[in-house]
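J.: Once you've had a glance at the structure underneath, I'll fire off some questions.
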Amino acid sequence: MIEFDNLTYLHGKPQGTGLLKANPEDFVVVEDLGFEPDGEGEHILVRILKNGCNTRFVADALAKFLKIHAREVSFAGQKDKHAVTEQWLCARVPGKEIPDLSAFQLEGCQVLEYARHKRKLRLGALKGNAFTLVLREVSNRDDVEQRLIDICVKGVPNYFGAQRFGIGGSNLQGALRWAQTNTPVRDRNKRSFWLSAARSALFNQIVAERLKKADVNQVVDGDALQLAGRGSWFVATTEELAELQRRVNDKELMITAALPGSGEWGTQREALAFEQAAVAAETELQALLVREKVEAARRAMLLYPQQLSWNWWDDVTVEIRFWLPAGSFATSVVRELINTTGDYAHIAE
């Protein structure tokens with residue numbers, strides 16, 4: 001299995017180094033749910049600003065403040081502890097009265113607004129995230145500048161970030177032990193983290209191999225394509241390749257790679273043979289996903305950061321802003337720009 005740091009680059013390995021997360025204010029994330037609170041209902045949506053706190057810790061503290069069970073507080077996604085982040089929490093508090101959440105106090109956390117909402121906020125129920133990153137001590141400004149220009153046009157590999165695999169790859173190691181021993185895992189969180197890490201690692205491997213051996217944006221017979229921003233997909237046939245290639249070049253369509261699991265992967269013929277060969281050595285992880293009935297799915301191989309802009313504060317410091325859809329990783333953008341240094345460069349929740 002290829003480790004995250006050794007995955008194939010789209011734009012070649014960066015020539016320079018830079019410091020990421022010199023302080024939390026250098027990594028700002030603003031969650032975009034894509035909708036506003038209803039203003040009524042048995043749930044309360046709470047927008048918080050946090051610095052140095054992980055999401056679960058804040059959710060548990062909010063539950064304690066509201067005197068409800070921790071499972072009654074949900075969120076759309078985990079946010080980096082070593083960053084300044086805005087996100088929404090959702091608490092189930094039936095009744096007409098809205099508690100005074102301005103009295104909620106937690107070091108490193110501030111309530112920005114809150115309102116009633118009809119539905120529970122579920123994991124993954126967000127549109128995306130806006131990022132503002134500051135890279136410091138950049139050793140090669142020209143290389144970073146050119147890479148930013150290239151990313152605007154060609155995007156980056158849509159890899160799952162290192163944080164998906166746990167600190168030191170612990171989640172992936174857990175999945176491998178589980179696959180090898182077949183010992184039942186009853187902890188729901190461990191099961192979820194380990195299965196997610198296994199499937200994500202296989203996806204990354206397929207994308208890395210395709211980057212190594214072919215133009216990742218070249219449609220081949222049997223590829224599974226999806227409309228940009230949509231989840232559904234269809235299979236490319238030989239007769240359609242020229243027209244489909246035009247639509248891919250126009251960023252109307254995206255070529256996908258497998259998220260392996262039980263059931264059909266989605267590709268056919270040449271594309272299916274390539275995907276199967278790319279992960280042929282990982283029989284244990286594939287068997288684990290099938291055994292645990294994790295359904296196979298598809299994910300775009302390339303990621304195009306939206307609203308990408310940057311500003312050089314000086315020759316060694318650059319502020320970069322962009323928006324990514326839910327499920328995408330800022331670290332997968334940064335790794336195409338620079339070799340990062342810093343204690344928390346690869347760490348997230």
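Placed from the backbone N, Cα and C atoms, the Cβ positions cover glycine too.
From Swiss-Prot, for reference:
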ACT_SITE  D80  active site, nucleophile
BINDING   F27, N129, F329  substrate binding site
DOMAIN    155-303  domain 'TRUD'
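Buried or exposed, and what's around them? Tell me for each listed feature.
T.: Within 10 Å of the C-beta of D80 (active site, nucleophile) we count 22 further C-beta atoms, all protein chains included. DSSP classifies D80 (active site, nucleophile) as coil under the three-state reduction.
Counting Cβ atoms from all protein chains shown, F27 (substrate binding site) has 24 others lying within 10 Å of its own Cβ.
Across the domain 'TRUD' (155-303), the prediction's mean pLDDT works out to 93.
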J.: Please count the residues of the domain 'TRUD' (155-303) that DSSP assigns to helix (H, G, I), strand (E, B) and coil.
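T.: Here the numbers are 76 helix, 24 strand, 49 coil.
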